[in-house]
Structures are given as C-alpha cells and as structure tokens.
Amino acid sequence: MNGSADAGPRPRKYVFITGGVVSSLGKGILTSSLGALLRARGYRVTAIKIDPYVNVDAGTMRPYEHGEVFVTADGAETDLDIGHYERFLDMDLSRGNNLTTGQVYLSVIQKERRGEYLSQTVQVIPHITDEIKERIRKVAEEQKAEIVVVEVGGTVGDIESLPFLEAIRQFRFDEGEGNTLYLHLTLVPYLETSEEFKTKPTQHSVATLRGVGIQPDILVLRSARPVPEEVRRKVALFTNVRPGHVFSSPTVEHLYEVPLLLEEQGLGRAVERALGLEAVIPNLSFWQEAVRVLKHPERTVKIAIAGKYVKMPDAYLSLLEALRHAGIKNRARVEVKWVDAESLEAADLDEAFRDVSGILVPGGFGVRGIEGKVRAAQYARERKIPYLGICLGLQIAVIEFARNVAGLKGANSTEFDPHTPHPVIDLMPEQLEVEGLGGTMRLGDWPMRIKPGTLLHRLYGKEEVLERHRHRYEVNPLYVDGLERAGLVVSATTPGMRGRGAGLVEAIELKDHPFFLGLQSHPEFKSRPMRPSPPFVGFVEAALAYQERA
C-alpha cells in the first residue's frame, strides 16, 4: 500500500457493502465507484459480488429476470455487476469474484461426502460461514489485492442473505476494526406531496442490520434528488453513524458521474480514515473528461439494436456500455433505438430504420425473432448501412448472405431448423456429447487470428487478439470455401480447433461495404471506458461517417 517502503507488509483491508429498504438501489455501481476511487489513489483493489440465490452461477437465468450474463476471461458466467467492476476498475476478474449460495453449499456438501468434516455435524455456523470467508480471502490472495470491496446482494432482512451477513460480521472479529469497514446503501424516498425526505425506512434498515451484529461505519443515502445536510445529520444521529460518514447518492444522468459525486462529498477520504490509510489525492482526470464528453458531445449518432430482449435493456448492458465507450472515444453521444426483432419479420424496414446510422444485431438464443434479424442484416448489407453482428449477429449475417448472395436457398442454422438443406451454421463438434446447460458452452477468452489487409486488422492493428466467447454454434466449415467464393470475407479464425482445417470462423466482413462486420466473440465484455473495444469504436466511427453522407 501507499506509505514507507520499510514499513513492512500491511494487513489487507476489507470493505463490505450491504443494501437496505429495497433492492436494485445500485449497490453494484456504488461498489464499482468506490473501487475506482481507491484505484485512483494507487491501491490494488478487487471487488467480489455475493449473490444469495441457490443457482451455482447466472448462466441459465432468464435475461428478462436477471439481465445479461457477463462472461469473465476464465469462462465464468456471472452476474452483470461483475461487468461493472471490470469496467470501473479496468481489470480482468475471475469466477471467484462472483460468489453464490449454490457454490458455497455445493462445496460444503462435496467436502462432507469426501470425509473432510469426519465426525463433525455440518452446520451453517461454522462450516458455511467458514467456506464463505475462505473464498473471499482466496480471491484477495490470488489477485494480490490490498483492498477487497465485497458487495452483498439482496436486501438486509432477506432470509437468503443471513449466512453471508454472519460471515462478514465475523470478518471484523477475525481481521480487526481498522481492517474492516461496513458501508450500507439505503433508500431515502422523497415525497412530492409533502416536499420532504423520509428517513424512517433507513432507520429501520440500519436497526435490522444491527440486529445481526453489524453496525455500519458509513451510510450512502440513495434518493431521486440530493439529500440535504440537515437530513443527513438526522440520519447520522438516529443510526449511530458519524455525521461526516453519511453521504448522498442522487439519481444522475450518466453513471460515470457517480465516482466524481461521491469523491466531491468526501467518501474516498472517509474510507481512508476508517481503514487507517494515508490521505492520497486521487487522479480522476479520465472520469472528469468522460463526463464532460457525455454531457457536451460534439456530435450525436443513433444506432438501432435489433434484439429479442429489447424491453429489458439490462439484457444488453455491456453492449450499451461498449457503445458509450466508443462514443466517448469519438467525442460523440450514441443514442440507441430499440427494435424488437420479431416485429421486423413483417415490418416496413424503411420506417423501422428511418432515422438510424448503424444497425447492431446482438447475441441471443432461440428461434423467436430470427427472421426479423435476417431481414435487418439484409437491409444493412443492401443499403450500405454500417452493421455490427455480435455472436448470433455474425451467424445471422452468414445465413442472410448464404440465402441471398451465395444462392443457398433455405440456408439456416440447425439451432432454428434442424432439417435445413444448407446448415451454414451448425453445432460445434465439441458440443455434440455435452450434457447439461450450466457452464458447458465455449466460454471465456479465445484467440482470434486476424487476416492482414482486412477491416478487422485495421481496427485492432495486430494479427492476434483475445476476446470473450459464449456460444455452442459456429459457421459450418464445410460451407466456408463456397461462401468465400461468393464474396464473404473470413477475416479471423481460431487456429487449431479440431476438424476445422483453417480454424473456427471468428469474424466475417464484406469488401464492397463501408462497414459490415460480424464477430463470433463478445468484444463488449472487454470494453472499458479507458480502453474501448476496437470493433465498437470503428462501428460508431462508421455510423458517424454514414450520418454525414446521408
């Protein structure tokens, strides 16, 4: 940590973030923002998300219920908050950074079956709580973190969270008061009718937290508008928290404002003080510039996302963030027009895409809306509108090209039509004998070998890159030569994949198009505010150019 080099190693610090009153207050953004403030002070930080559900991971959950599944470099299917952590901290996390009830109980039961608890009665305390603490410490050690920020999902008072709250309570007993900090995020509603903030829900939430043995050191009050100083002092008095340790987190236009807003109020210094750390002035210049561009862009461009889950934008959270990062890089604001892919099957496409300068077809599963996505890809190809296809979006582009350019009537994916005469998209050979759904796809970082002279090579500026993946189907290698003869450019492959000759198709593009790119990977998962994804930067740049021509 910061300080004298001869002071010797210092104890690791732990910050535990809980939430009260209602769920979905933004604990993930608060955790990410605090992590960013500590990183800006030069500390090595990691963040862990605790999810109290019994699922082992988020891989099989419905996007409409849980939002996107974020994939880590090591192939874990995790909660979307892990994506927030990676973007704000600008670092790769791992499967250990998302801890679930399912993982904990599965591990404890397996240990019991192996005889590791021989002669013991296995109980929530100490066996479950010890497993939780062991997993948190293991991540901290593996990632060489000086400060570990742990978000406890759910709401204080939920029965599912009790073992985790007990485990983090024990951390103070194990590590000492100066090495642990409890931060509680809670709702302070503002009543328009009486024009006042109501603090009673927060008081009850803190009382519930104290009932399980945790006295919060810091409170962050979530509200639609800034909570005034006198209200914060009242909350401090009734919750036994220092007045200078109660902060306001109002709704903001851009989430990248949150670290700046909290730092301006002194949250970073309060955490330093509570953990016995030296005062360090953070370097927040990037965040300040990013917010300036978002609030005062030089240009604005509209992109259509033709997807299946358009009524739940969180299902495409990393896509939206990657577009935002690309917009910042191009000093532009990216507006998104949500287009229900199913509606495109019979829609007037001129009307559906009338005011957009780019079309993006995201990843997804299932047959619903597929033909609408095919029509969107055809429209982009024929009208020379910039097109970016992600995962399924690449497969859609190949299906459309095969049908309408290569002359393969009825071409399709075996996922949607098992009896198609031309299975240009087919199940990967490695997936033929896979049983079960959870964690069984081609997941995580895989290498892409890029062909020189292609659009993709211009975007990345190198011949091999790593990108995240999450798929079971691929471009059928038996059709690649014929598609290339018809004019499709295979601009990247993964070398050495079994039974594929030149390798699994990772990217396709068109020569006679200003920007038509399909990627089997999910580059949005590696896009960061400081290091935006090259395909997204190029896509937004092309959309801006198209807008100027139009």
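We number each residue from 1, going along the chain as drawn.
Cβ from N, Cα, C; glycine included.
Binding of L-glutamine is attributed by Swiss-Prot to Tyr64, Gly364, Leu392, Gly393, Leu394, Gln395, Arg472, and the same site annotation extends, among Glu77, Glu345, Glu351, Glu415, to Glu415. Among the candidates Lys111, Lys234, Lys295, Lys302, the one that Swiss-Prot lists alongside Ser23, Asp158, Ile159, Glu160, Lys198, Thr199, Lys200, Pro201, Thr202, Gln203 as binding CTP is Lys234.
Binding site for ATP per Swiss-Prot: Ser24, Leu25, Gly26, Lys27, Gly28, Ile29, Asp81, plus Val252 from the candidate set Val252, Val271, Val280. Taking Cα separation as the measure, Leu394 (L-glutamine binding site) is nearest to Ser24 of the binding-site residues Ser23, Ser24, Gln203, Lys234. Its own atom aside, the Cβ of Gly393 (L-glutamine binding site) has 27 Cβ atoms within 10 angstroms in the protein chains shown. Checking each of the recorded positions Glu151, Gln395, Glu524 against Thr202 (CTP binding site) by C-alpha distance, the shortest gap belongs to Glu151. For Lys27 (ATP binding site), the spatially nearest entry among the binding-site residues Tyr64, Glu151, Thr199, Gln203, Lys234 is Glu151, judged by CA separation.
Of the recorded residues, Arg472 (L-glutamine binding site) and Glu524 (active site) place their C-alpha atoms 19 Å from one another. Recorded residues Gln395 (L-glutamine binding site) and His522 (active site) have their alpha carbons 13 Å apart, per Cα-Cα distance. In this structure, of the recorded positions Lys27, Lys234, His522, the smallest number of CB atoms within 10 A of the CB marks Lys234. The Cα of Gly364 (L-glutamine binding site) lies closest to that of Cys391, out of the recorded positions Ser23, Ser24, Gly26, Cys391.
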